[in-house]
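Student: Structure in structure tokens, see below.
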Amino acid sequence: MCVRRELANAIRMLSIDAVQNAKSGHPGMPMGMADIAEVLWRKFFKHSPTNPNWNNRDRFILSNGHGSMLLYSLLHLTGYDLSIDELKKFRQLHSKTPGHPETGETPGVETTTGPLGQGLANAVGMAIAERTLSAYFNRPDYDIVDHYTWVFVGDGCLMEGISHEVCSLAGTLKLGKLIVFYDKNGISIDGKISNWFTDDTVMRFKSYNWHVVDKVDGHDANSIKNSIEEAKSVKDQPSIIICNTIIGFGSPNKSGTADSHGAPLGEEEIFLTRKNLNWKYSPFEIPNKIYDKWNFVKQGLKLEENWNKQFHLYKSEYPALAEEYSRRIKKKLPTQWYKKTKDYIFNLQKNPQNIATRKASQNAIEEFAALLPELIGGSADLSPSNLTMWSKSSSITENLCGNYIHYGVREFGMTAIANGISHHGGFIPYTSTFLMFVEYARNAVRMAALMNTKHIFVYTHDSIGLGEDGPTHQPIEQLANLRMTPNIDVWRPSDQVETAVAWKYAIEEKNGPTALILSRQNLFQFSRNNEQIKNISYGAYILYDSKKPIDIIFISTGSELQITLTSAKKIAALGYSVRVVSMPSNNVFDRQNIDYKESILPSYITKRIVIEASIKDFWYKYAGSEGLIIGMETFGESASEEVLFKKFGFTVENIVNKSKILLKH
């Protein structure tokens, strides 16, 4: 007969064996949290191992992702498509068990975790998504969206500043279906945390408006069970269950010490641990009696079957809602989307406006959000500056099925929360701040790229053109940083037409985040024919050709495109043949076929000049060894836009003079 401790020991021993086999990893956390995981996953966690993407499953987030073997053990034991051979391949190339959990690599992993605290932030986003969807779709007797978000966090997660940002917001939003287990073991890599982490966690979370369950014995099943039942009974607050645990539980010589945190226990200590836990089985051996107790396939299928029956009845009574729910979950765009957005873009070209691209972005949101109820926006306390609200924006603080989140001054938290909203499903999130402050959000931006998260970043005030606020607010190297991050498509449009195309592209893009880089100042709208409008979506296109053969190519983006075109025409007036290429998205352009790229930037034309008010270094791949770049080499200064553009060489006079020199060589 299996006792609960033996079931938890299966997690411990699989984790120990996998880490030892890989010769690296983190056994301490899985050993310490195994009892909590056993109670949660066997008695409370709602899921279907044969269908990891079942819509109404509970979400489980391992924010302390270094303890990944705990999650892999749970997935294996409960019946997911994760074999014992995959556990033996832990941390090996092309396995389903990478060192930290990665969504898309392992069935049952909801989000990629590892950078501490971000899993917690993703979980807040998932809880927001659950509550907002439930308010929108649920009807009396039909709880179509009804699930919990469960999170494991460690001391490190709560030390990270992002935990403050997201837990503060979660409490304000009263996310009652968010339940966090805090693995309070008092140990981190450097040793006992009492020397550097003495927060009163109870009072901290109470001040956030969280329900706190304190002094839970993390190795006692009844204590854990009672704490979960208490947390679930609280409907209008997120809950944190503070579990006192022993890191490396079961290891005679390394439990309770940093030695068990981030390295294999070693053969001798593993032998002693097996003996101490009365585990009589060989490495990676789990007896059938334990598998039988853990397996959740039948229960999962029953849960899913019951939900499917309910949804069938719901569909009969509320067919339009059911159809809309299915469309959003399947990530399909409305049938009228393509025609209406195309018509909108062509109409913009026919009705020119010289407006800032941040305003053009707001106009695009106004048009597109009316077609897409799944579009959920937000800003880090800069909504009036970013222009991210539209006429039907509704705050989720005031309206449970709203479509706008006031994140407060929490750039990092905002970005990671929206990653979670996206991974939950049913939404396309967009978030916004000044481009300069992407620095605060940087790692969550990178995680969005790593996870191929559909997330639209709206970054305004994109250059020294923002003016008098000075170098603290003027982005210089940020554009290059974003462009060089794999999987992010970066767009810096030059007018309202390019902005609308960029928004349309971002919404239609199936995988990965998109960054829209937008101006504070008004910009000139350019003339284009239908072919040019179509070619915007290829990332770069010919805006102007004087005659052939070409002597020089001008390449530019955003706010500098107007002075580039004016300069090029002056050079053309001197008898030279010039081409002006607008390159709103180099990432998208780079993915085009060789014929298209050659048609825009012929390789035999080596005299090229690039003009952009950002760091120069990025552009050499397009300018070439014989080309010239007019860009930024220093930080900006505090002055008006006009003064700064003149000081840093973004004038027609300077561009023309530099072009003449280039043409004479």
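Just so you know, glycine gets a Cβ as well, placed from its N, Cα and C.
According to Swiss-Prot, the protein carries these features:
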| type | residues | note |
| --- | --- | --- |
| SITE | His26 | site 'Important for catalytic activity' |
| BINDING | His26, His261, Arg358, Ser385, His461, Asp469, Arg520 | substrate binding site |
| BINDING | His66, Gly114, Pro115, Leu116, Gly156, Asn185, His261, Phe437 | thiamine diphosphate binding site |
| BINDING | Asp155, Asn185, Ile187 | Mg(2+) binding site |
| SITE | His261 | site 'Important for catalytic activity' |
| ACT_SITE | Glu411 | active site, proton donor |
Student: Cα within 10 Å of His261 (substrate binding site): which of the recorded positions His26, His66, Asn185, Ile187, Glu411, Phe437 qualify?
Tutor: His26, His66, Ile187
Student: Among the recorded positions His26, Ser385, His461, Asp469, report those whose Cα falls within 10 Å of that of His66 (thiamine diphosphate binding site); none is a fine answer.
Tutor: His26
Student: Rounded to whole angstrom, what's the largest C-alpha distance between any two of His26, His261, Arg358, Ser385, His461, Asp469, Arg520, listed as binding substrate?
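Tutor: If we measure all Cα pairs in His26, His261, Arg358, Ser385, His461, Asp469, Arg520, the largest is 49 Å.
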Student: Across the listed thiamine diphosphate-binding residues, His66, Gly114, Pro115, Leu116, Gly156, Asn185, His261, Phe437, what is the farthest Cα to Cα distance, given in whole Å?
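Tutor: Across His66, Gly114, Pro115, Leu116, Gly156, Asn185, His261, Phe437, the two farthest Cα atoms sit 35 Å apart.
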Student: What is the number of other Cβ atoms found within 10 Å of the Cβ of Ser385 (substrate binding site)?
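Tutor: Ser385 (substrate binding site): 16 neighbouring Cβ atoms within 10 Å.
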Student: Measuring Cα to Cα, how many angstrom lie between Pro115 (thiamine diphosphate binding site) and Ile187 (Mg(2+) binding site)?
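Tutor: That separation, Cα to Cα, works out to 18 Å.
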Student: Looking at the recorded positions Glu411, His461, Arg520, which ones sit with their CA no more than 10 Å from the CA of His26 (site 'Important for catalytic activity')?
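Tutor: Cα within 10 Å of His26 (site 'Important for catalytic activity'): none.
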Student: Given Asp155 (Mg(2+) binding site) and the residue listed as 'active site, proton donor', what distance in Å do their CA atoms have, once rounded to a whole number?
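Tutor: If we compare the Cα positions of Asp155 (Mg(2+) binding site) and the residue listed as 'active site, proton donor', the gap is 22 Å.
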Student: Three-state secondary structure of His261 (substrate binding site) from DSSP?
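Tutor: Going by the DSSP assignment, His261 (substrate binding site) belongs to neither helix nor strand, so it counts as coil.
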Student: Name the secondary structure element type, per DSSP in three states, that contains Phe437 (thiamine diphosphate binding site).
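Tutor: For Phe437 (thiamine diphosphate binding site) - judged by DSSP and reduced to three states - the answer is helix.
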Student: What three-state class does DSSP give Asn185 (thiamine diphosphate binding site)?
Tutor: coil
Student: To the nearest whole angstrom, state the Cα distance for the pair Asn185 (thiamine diphosphate binding site) and Arg520 (substrate binding site).
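Tutor: Pair distance, Cα basis, whole Å: 49 Å.
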